Amino acid sequence: MFPMPVEHWKPLNRRIYKLSLPIALLIWLLPMIAVMVTSIRSTEELTEGNYWGWPKHFALWANYHEALTTSPMLHYFFNSVMITVPAVAGAIALAAMAGFSLAVYNFRGNTALFATFVAGNFVPIQILMIPVRDLSLHMGLFNTLPALILFHIAFQTGFCTLFLRNFIKQLPYELVEAARIEGAGEWTVFFRIVLPLIRPALAALSILVFTFVWNDYFWALCLTQGDEAAPLTVGVAALKGQWTTAWNLVSAGSILAALPSVLMFFAMQRHFVAGLTFGATKG
Amino acid sequence: MIDSASGIAPAAVVPPQSSTAQPARPATPARKGLSPSARRQRRAAWLFLAPACLMVAVYVLYPILTSISLSFYNWDGMSDKTFVGLANYVELMHAPTFYTALKNNLIWLLLFLLSPPAGLAIALYLNQEVGGIRLVKSLFFAPFVLSGVVVGLIFSWFYDPTFGLLAMMLGHGIPVLGDPHYVTFGIVFAALWPQTAYCMILYLTGLTSINAEQIEAARMEGAKGWNLLWYLVLPQLRPTTFMAIVVTIIGALRSFDLISVMSGGGPFESSTVLAYYMYDQAIKYYRLGYSAAIAVVLFAIMLVYIAWHLRRMLRNEH
């Protein structure tokens with residue numbers, strides 16, 4: 001263990017360490033806590049200038065109700081869900097097949113294809129912007145949810161393929177061999193043998209990709225116009241311009257935007273961290 | 001690595017003992033005579049790959065080529081394109097904003113590299129077994145899952161000169177986001193928050209996999225503190241450090257969300273970076289060819305880095 005475990009410290013230092021933890025946490029999360037407190041502060045209090053004290057009356061219901069009803073927040077939220085869920089499912093489905101193929105079959109061009117998928121990950125997204133926007137316009141998809149869904153599927157497939165290919169490569173190859181000897185076709189090998197074994201990796205990857213797509217702002221800006229297909233990130237950013245002084249509403253909106261990915265993270269933390277570090281170390 | 005981090009353990013899956021000797025990978029078939037099963041496998045390989053390849057070709061490869069060719073044209077998105085050769089690049093070389101953007105990109109890059117050491121420091125601080133530490137670690141990590149928009153909003157408010165937290169702490173307001181000298185630093189500081197959290201989690205996972213016996217042995221010899229960290233722990237953490245630097249560099253070059261939300265590249269384009277400059281030229285001024293040229297420059301910078309990374313990765317494979 002490094003550093004020296006606290007059990008071996010002097011009792012006083014140990015006590016100090018334990019005391020310091022909540023304080024450090026408070027400082028680290030201060031901006032976030034401030035936003036949460038503001039989101040339940042009433043407008044009167046804000047106009048009085050009570051920004052940082054503890055709220056005297058809580059306006060939890062009123063603020064969130066207002067943020068949800070006076071702006072198309074729910075609509076944005078719905079858009080975000082309708083973009084993120086299919087995009088994650090699509091990217092993972094494509095990547096599982098591609099990753100399987102790259103890991104199990106030995107064919108000419110395997111490495112080159114793999115390298116292409118990896119490189120695709122690191123490409124600065126700006127170089128894709130104008131052509132993708134153009135493509136969406138030509139397909140009649142501009143300012144619709146499918147435009148964003150299709151793009152996210154394509155872009156996330158690269159990362160997911162890298163991840164799953166490495167994961168499948170770690171499985172014992174004898175499994176595939178054995179199944180083939182039993183007479184299983186290639187699809188059966190993939191669907192019945194490999195897919196069940198990579199379920200944990202799929203879970204890790206889904207959460208990771210979920211947060212990537214949910215938090216996307218750039219593509220939402222490029223491929224939508226107005227409220228129709230705009231996801232939550234665009235909606236919340238627009239709130240800032242609309243009500244410069246209504247920080248309680250902006251805060252409520254931000255909390256709504258942050259909530260799904262934060263909840264997702266806390267619910268599936270182990271998978272999330274595993275995915276992140278696995279993808280990272282192998283990437 | 002993954003085994004220690006979670007329950008995901010591919011190695012733990014017990015393979016049914018296949019009785020066949022020599023389960024060689026499908027050998028490269030000799031000449032024409034592909035066996036039927038080899039042929040079937042090859043077909044399967046391509047069928048499995050086809051959908052992913054198609055999507056990547058349409059949405060990644062083709063756009064890259066189109067952008068590069070577009071950078072030699074003048075185009076407003078509606079009328080016909082006119083070929084202008086290198087004019088866009090020449091103009092770029094003479095645009096002061098381009099240099100501002102380049103300089104800011106460099107500031108982002110350098111300051112962003114503070115996040116691996118900061119993440120390491122927090123990871124060392126939290127790498128203890130006390131009650132509730134799991135929750136503390138996750139809460140420290142939480143900023144990373146926030147969207148750039150939310151982080152941007154939180155910090156715009158933090159910096160607000162009339163009622164922001166910073167103004168309250170200092171006793172007087174500083175218009176951080178309204179001052180060309182401070183704005184980039186203010187935004188990078190905000191961006192360091194989630195990035196440090198990211199590096200921290202990488203290091204926390206890295207620390208679980210270091211060799212405890214070696215550390216104990218060194219302690220017996222009397223090594224401690226900085227020496228131990230510098231000569232024994234850090235070398236073992238080298239893969240983690242490499243990774244932390246990789247993701248940090250990519251993050252720095254990708255910076256867009258925070259700039260867009262916090263300053264819109266302003267005031268007077270003083271906080272713009274290549275990514276934002278490019279977006280601005282395309283969306284606000286409809287200068288698509290010029291904008292593509294900026295993207296190509298950004299791509300070229302990144303390409304050096306991608307090539308280096310790919311080479312290293314593929315070398316490890318063999």
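Yeah, the Cβs are placed from backbone N, Cα and C, and that goes for glycine too.
Summarising the annotation, TrEMBL assigns compositional bias 'Low complexity' to B:20-31.
Among the features that TrEMBL reports, domain 'ABC transmembrane type-1' is placed at B:101-307.
Among the features that TrEMBL reports, region 'Disordered' is placed at B:1-36.
As annotated by TrEMBL, transmembrane segment applies to B:44-65 (among others).
The feature transmembrane segment is assigned by TrEMBL to B:106-126 (among others).
Long-range Cβ contacts of the transmembrane segment (B:138-159) within its own chain (Cβ-Cβ under 8 Å, at least 6 residues beyond either end) map to 122, 126, 165-166, 174-177, 186-187, 189-191, 193-195, 197-198, 200-201, 256-258, 260-262. According to TrEMBL, the feature transmembrane segment maps to B:138-159 (among others).
The transmembrane segment annotation in TrEMBL covers B:182-207 (among others). Here the transmembrane segment (B:182-207) has long-range neighbours at 1, 4-5, 104, 107-108, 111-112, 114-116, 118-120, 122-124, 126-127, 137, 140-144, 146, 151-152, 154-155, 158-159, 174, 176, 233, 237, 239-240, 243-244, 247-248, 251, 255, 258-259, 262-263, 266-267, 270-271, meaning same-chain residues at least 6 beyond its ends whose C-beta is under 8 angstroms from one of its own.
The feature transmembrane segment is assigned by TrEMBL to B:228-253 (among others).
TrEMBL lists B:288-308 (among others) with the feature transmembrane segment.
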Positions on the same chain near the transmembrane segment (B:228-253), where near means CB under 8 A and six or more residues out: 105, 108-109, 112-113, 115-116, 119-120, 124, 191, 195, 198-199, 202-203, 205-207, 210-211, 214-215, 218-219, 275, 298, 301-302, 305, 309
